[in-house]
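Visitor: For reference, Swiss-Prot lists these features for the protein:
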TOPO_DOM  1-22  topological domain 'Cytoplasmic'
TOPO_DOM  46-75  topological domain 'Extracellular'
TOPO_DOM  99-130  topological domain 'Cytoplasmic'
TOPO_DOM  154-191  topological domain 'Extracellular'
TOPO_DOM  215-264  topological domain 'Cytoplasmic'
TRANSMEM  23-45  transmembrane segment
TRANSMEM  76-98  transmembrane segment
TRANSMEM  131-153  transmembrane segment
TRANSMEM  192-214  transmembrane segment
Amino acid sequence: MNWAGLYAILSGVNRHSTSIGRIWLSVVFIFRIMVLVAAAESVWGDEKSAFTCNTQQPGCNSVCYDHFFPISHIRLWALQLIIVSTPALLVAMHVAHLQHQEKKELRLSRHVKDQELAEVKKHKVKISGTLWWTYISSVFFRIIFEAAFMYIFYLIYPGYSMIRLLKCDAYPCPNTVDCFVSRPTEKTIFTVFMLVASGVCIVLNVAEVFFLIAQACTRRARRHRDSGSISKEHQQNEMNLLITGGSIIKRSAGQEKGDHCSTS
C-alpha cells in the first residue's frame, strides 16, 4: 500500500487546517501509519502460518483461523486509516474549487502573469463561509468513522486482547481442538496501542469541532461589534452635520437681520 501517496494528499490539506488539525495529522502519520508499516506488519506477518491446532485433520487449521480471525488486524487498521482520511479529500476539493474561482476572477479582472496564478495555489485559504461547513462536516465524519471502527473491532475481537488458547469445534475438525496463537502478548500490546491512538484522534477531532465553533462565534461577535460601532459613528456624523448645519443657518439668519437693520 502506498502510504506516502496518502500522506502527500493529507499534507496538501494540512496547509489549510487548524492547529489541532495539524496535530491530528501528526498522530495519524507518526503513531498510526508508521507503526502499522514499520512494526505491526512484521508482528502479524506470520499470523496464519503460525496459527496451529492439535490435530492433523486437513482444513481444520484454516477453518478455525477464519472462525476466530474473520478479518486480519492489519487489514482492518489499513481500511480504517483510509476511510478516516477520506473526508479530508472533501476539504482538498473545496479548496481547489475556491482557488480555481480566484484564478478565474483574476483573469477576468485584469491581465495577469502565470507566476501570479501559480502563487494563488500557495495561498492559505481562510476557513470561513462554505469552506467552514465543509471542514466541520469532514471532522464530524472522521469522528463517526473512528467510533464505528472501534465498535466493529470490539464486535469482532471482544475485550481487545489476544487469547493464547482457543477452543475450536468447527467442521471439519473431528472434535473440540486446542488452537494456539503466536506472540499473543506482543499482538495485544500493539492492539491496545492502535486503539489508544484512535481514541486520541477522536479527542482531537472533538476538540477541533469546539475550536471551529468558538472561532465562528468570535468572528460573528466581532462583525456585530464592528457593525455596531460603524452604525454609531454614522449616527454621530449625521448629528454633527445637523448641528453644524443648524449653526450655519442661525449665523446666516443673524447676518441677514443685521444687514436689514443697517439698510434701514
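Heads up, the Cβ atoms here are built off N, Cα and C, so glycines get one too.
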Visitor: What average pLDDT does the predicted model assign to the topological domain 'Cytoplasmic' (1-22)?
Guide: 68
Visitor: Can you tell me which parts of the same chain pack against the topological domain 'Extracellular' (154-191), counting only residues 6+ beyond its ends and a CB-CB cutoff under 8 A?
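Guide: Hits for the topological domain 'Extracellular' (154-191): 35, 39-40, 43-44, 46-47, 50-55, 57-61, 63-65, 67-68, 70-71, 73, 76.
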Visitor: When secondary structure is assigned with DSSP, how many helix, strand and coil residues does the topological domain 'Extracellular' (46-75) contain?
Guide: 12 helix, 2 strand, 16 coil
